[in-house]
Amino acid sequence: MKTILLEILYIMAGLVALFTAYLALQDKKHPTRLGSTIFWALLAFAFIFGKYVPAQLVAVILIVMGVLTALNKVQFGSQKNSSPEFRQEKSNNFKNKLFIPALSIAVFAFGIAQFTSLGGLVGLGIGAFVATIIALVMTGAEASYVAYDGSRLLQQVGSASILPQLLAALGSLFAAAGVGDVIASSISGVIPQGNILLGVIAYCLGMALFTIIMGNAFAAFAVITAGIGMPFVYSQGADPAVAGALALTAGYCGTLMTPMAANFNIVPAAILETNNQNRVIISQFAFALVMLFIHIILMYWLAF
Amino acid sequence: MIRLIGVLIIIIGFIFKLDIIAVVLTAGIITGLVGGLSLNEILKTLGEAFITNRYMSLFLVTLPVIGILERYGLKERAAALIKNIKAATPGKVLTTYTLIRELAAAFSLRLGGHVQFIRPLVFPMAEGAAKVSYRDLDEHSIEQLKGYAASAENFANFFGQNVFIAAGGVLLIVGTLSELGVEVTPLQVSKASLPIAIIAFVLAAVYYNILDRRLAHRLGKISQGGKQ
């Protein structure tokens, strides 16, 4: 039951990508009309049929998608939100009722995960479905906006939307190639295996440092969890949910301290017209250090 | 050591801001090759992992409803709520924003942003509160306030988002651990993210309180006309 519902959800997600491809094709003013159409159509194919075709074909599809993004052929089209006046007027009419559909997604996702055996992902899908119905009934918007606005937002997020999924695949390749073993063996010269506290410190600091270098905690998580987390934390009997959750946010402490995370630190400084382009990082530094220290204590205390 | 070349490729890719999708794919394929996998094995691993991890991109099904709500003024309504914050000092403005923003993140309401909220709303409100609280707000203090205003968005966003059961970070944790042979559910991870979310808020409140004190100490307080 759960598997079937999940598969239906993947088809729904695939349809969102397929509509995006279709609307990109229809978008005469699209700067990268053909590239965007192919990119989103391939993603739709992977979502809907990926399970039934050879995995190698899916990988080739990903490589084609990668070539398209590398050539900068996947950009935002000319789709528009409503006018500022219309939005202001509607926002005054509906007031806080506007939050109801959005909140219902999270409420359904949590409720279904907590009280049924279907899990949070099925909950997310059911929540999104119910929220869409509520939003359509409440606003009286034409049903065609389901496709139009879904596609507008997906093109805004752009190719980065597949990044988490791709990073997990990267982690899988790293594991198959034995990258974790290399990191683990070079670190085990410094940290004695079997010492829980040192393992926790290495995992949290490793996440923060790697994120500082790469500017992306998601990418760091795949590498550091395989290299440090597995041999020095999880294998010693850590609660994996607690250790995993804290490792990722330990990485976020690194995000707060690095100019490499330009979206979060450098761009906002520019938007606020600060004199020092590192102003946001300076303001966050002490907070990030204290939080990192707390992460180590918390992981040591709650995961074991 | 040569097997770490993939890590190096990712670092170089990020430093030179190359296309991230292409960088990750390149890193994976080259790592597989130097790790002794055949091209067929590499493609098979890559494709299989991508398909098993499809659930990470399930947020796609929430985009239509969010798009429609934005068409009908969702962000404008959120801005109106933020404008209603009544706080006497810049630190209290930022603490209140952190609270609202973190709750929104925990419910997966993507309502923040430096462009949409910090620059047009939160920073001006913090600056306004500073002008009525402290004497002679100098340029350095304004610069400092800008940095702190931007930080509120990041603190709340980063440490609140994983409380949501289908957050990108939560699913990344579930997926990565699963690839490494450790099984956890999204519900477990989102619950495990709650303590640090609460701690982050408390620490932010303390942090912004210290900011208030430093400003008061440096600039001097304006006494509030007999009011306590």
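The backbone N, Cα and C atoms fix where each Cβ goes, and this holds for glycine too.
According to TrEMBL, the features are:
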| type | residues | note |
| --- | --- | --- |
| TRANSMEM | A:6-25 | transmembrane segment |
| TRANSMEM | A:32-49 | transmembrane segment |
| TRANSMEM | A:55-77 | transmembrane segment |
| TRANSMEM | A:98-115 | transmembrane segment |
| TRANSMEM | A:121-141 | transmembrane segment |
| TRANSMEM | A:162-184 | transmembrane segment |
| TRANSMEM | A:196-229 | transmembrane segment |
| TRANSMEM | A:241-261 | transmembrane segment |
| TRANSMEM | A:281-303 | transmembrane segment |
Below 8 Å between Cβ atoms, which of the listed ranges A:6-25, A:32-49, A:55-77, A:121-141, A:196-229 makes the most pairs with the transmembrane segment (A:98-115)?
A:121-141
Under a criterion of three or more Cβ pairs within a distance under 8 Å and sequence separation of at least 6, are the transmembrane segment (A:196-229) and the transmembrane segment (A:121-141) in contact?
no
Three or more CB pairs closer than 8 Å, sequence separation of 6 or more: does that hold for the transmembrane segment (A:6-25) against the transmembrane segment (A:241-261)?
no
May I ask for the residues of the chain that lie six or more residues beyond the transmembrane segment (A:55-77) and have a Cβ under 8 Å from a Cβ within it?
23-24, 27, 29-36, 38-39, 42-43, 45-46, 155-156, 158-159, 162, 166, 169
